[in-house]
């Protein structure tokens, strides 16, 4: 009974106190990179791995796909094939190497995809709802962004002379892909229309604008969210009669047209449906922008 009462009191204390704020050293990106190096060196000491420099990397991520979700998908796939399900393999089950990662934000035990994207793309853990920044950036506070930006593996690859791309089934400005190129105190700042006036006055950029401004030479961009690239009330090219598909930008910029103009001499192509994509001769395309609804 004494043990039971002790556990109850501890639980009450944790709940009443709330999740603790991150300690000061967690705001330093080099703390997290140091932790990663220690983990990597330990793994290398336990097994003989190929440590040569990789020629290319494709990072495949299923957002929100933990063990239970993947297991359910595997079973469903099998049952749709009139099997029991457990013996079925997903395509990613056939990958030669798999791993599990612990996910959390510096201020939340159950993380969101912005903070976790910052972790696996930039190597630094961050606060919930922030992306491409350290834990020193407070969600929604633009003035805590400058000086706390962190670079991503996409930027490192460009600096190493690699071609890079982002392919997603969600919006390109969604938290998961946008940590590759953006630095934002709020994951919901898709365009300037979603930003508070004080953030705009303080000079913070929306995520769609950063896609064009921060890393202007991304070779492949494929995903949704084209309305965040177009001026407010501009009718969508594919769904002109759907008001929800209209452009949202307040600054009047058409970021898609800016992208086209910037790379027009670089064998660039802009498509917005499957038919156009299939008609491309990819051997003659160096830059591809594929924006769907």
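Including glycine, each Cβ sits where the backbone N, Cα and C put it.
Just so you know, TrEMBL annotations are computer predictions that nobody has curated.
Site annotation (TrEMBL, ligand Mg(2+)) includes 174, 176; from 63, 93, 286, the additional listed residue is 63.
A C-beta separation below 8 Å, combined with a sequence spacing of at least six in one chain, links residue 63 (Mg(2+) binding site) to 113, 170, 176. In sequence order, 61, 113, 117, 168, 170, 175, 177 are the same-chain residues whose CB sits within 8 A of the CB centroid of 63, 174, 176, the residues recorded for Mg(2+) being left out. Within the same chain, residues at least 6 positions away in sequence whose Cβ sits under 8 Å from that of residue 174 (Mg(2+) binding site) are 113, 168, 223, 225. Under the three-state DSSP scheme, residue 63 (Mg(2+) binding site) falls in the coil class.
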